[in-house]
Amino acid sequence: MKELKRAVAKEALKFIEDDMIVSLGTGSTTAYFLEYLGKLIMEEELEDVYGVPTSYQARLLALEYGVPVVGLDEVDAIDIAVDGADEVDLNLNLIKGRGAALTMEKIVEYRAGTFLVLVDESKLVERLGQKMPVPIEVIPAAWRAIKEELEVFNATAELRMASKKDGPVVTENGNFLLDARFHRIDDPLDLEIELNNIPGVVENGIFADIADIVLVGTREGVKRLER
Ligand SMILES: O=C(CO)[C@H](O)[C@H](O)COP(=O)(O)O
């Protein structure tokens, strides 16, 4: 899988041109992309490219690999957003948020001129929710009430616990995460909107109708899916 992730990350470089503002996603696949992007910038094969990080991870990697960073509030527009995903369905709807950065990711990916998604073939599913839960970022005080409310959606949710800290994962926005398993997701866009209507929900990990291009690393090479 590592090699497939590296292959899509390398292919993504073909979408980057001089003078672009690139949103930098979170996760292991975008980490490879950042490594390759930094190399091109350091070798001056790309000029005046700036990255908008979606997380501390993306920011630290950008600094390590020599990709200049700017904040979202410093740029007029984002030319392209590059990020991984946890699941991609047949209509290129996504589940994201395993890395807990879904809110910032959605903010920039929604606004980007092009949203380019990088995955290996294990992420492809017929229907969202087949393998992964939907992460939901919630205001800490509301976690239990929202967990109970999710039962109305026929979902069971778990508070995401930290592994190198006692207690729950706290996002970079100071919130908790519920990982929700739905019985069946037939209409991702509808569910995305409904979840965000629950008071106390900050954002959820369904990214319906916003991916423009998905590069899929397969054993037969990188495949390009487009809406
Ligand atoms: O949504 C994400 C982070 O919030 C990641 O993009 C997603 O989890 C994919 O990660 P990886 O490239 O490591 O498989």
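Count begins at 1; order follows the chain as displayed.
Using the three backbone atoms N, Cα and C, a Cβ is placed for every residue, glycine included.
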Candidate sharing the substrate site with THR26, GLY27, SER28, THR29, ASP83, GLY84, ALA85, ASP86, LYS96, GLY97, ARG98, GLY99 (per TrEMBL), from LYS10, LYS14, LYS39, LYS123: LYS123
Neighbouring binding-site residues, C-alpha within 10 angstroms of GLU105 (active site, proton acceptor) - of SER28, LYS96, ARG98, LYS123: LYS96
Sequence-ordered binding-site residues from SER28, LYS96, LYS123 with Cβ under 6 Å of an atom of ligand 1: SER28, LYS96
LYS123 (substrate binding site): secondary structure state under DSSP, collapsed to three categories: helix
For ARG98 (substrate binding site): intrachain residues, at least 6 apart, with Cβ closer than 8 Å: GLY27, ASP86, MET132, PRO135
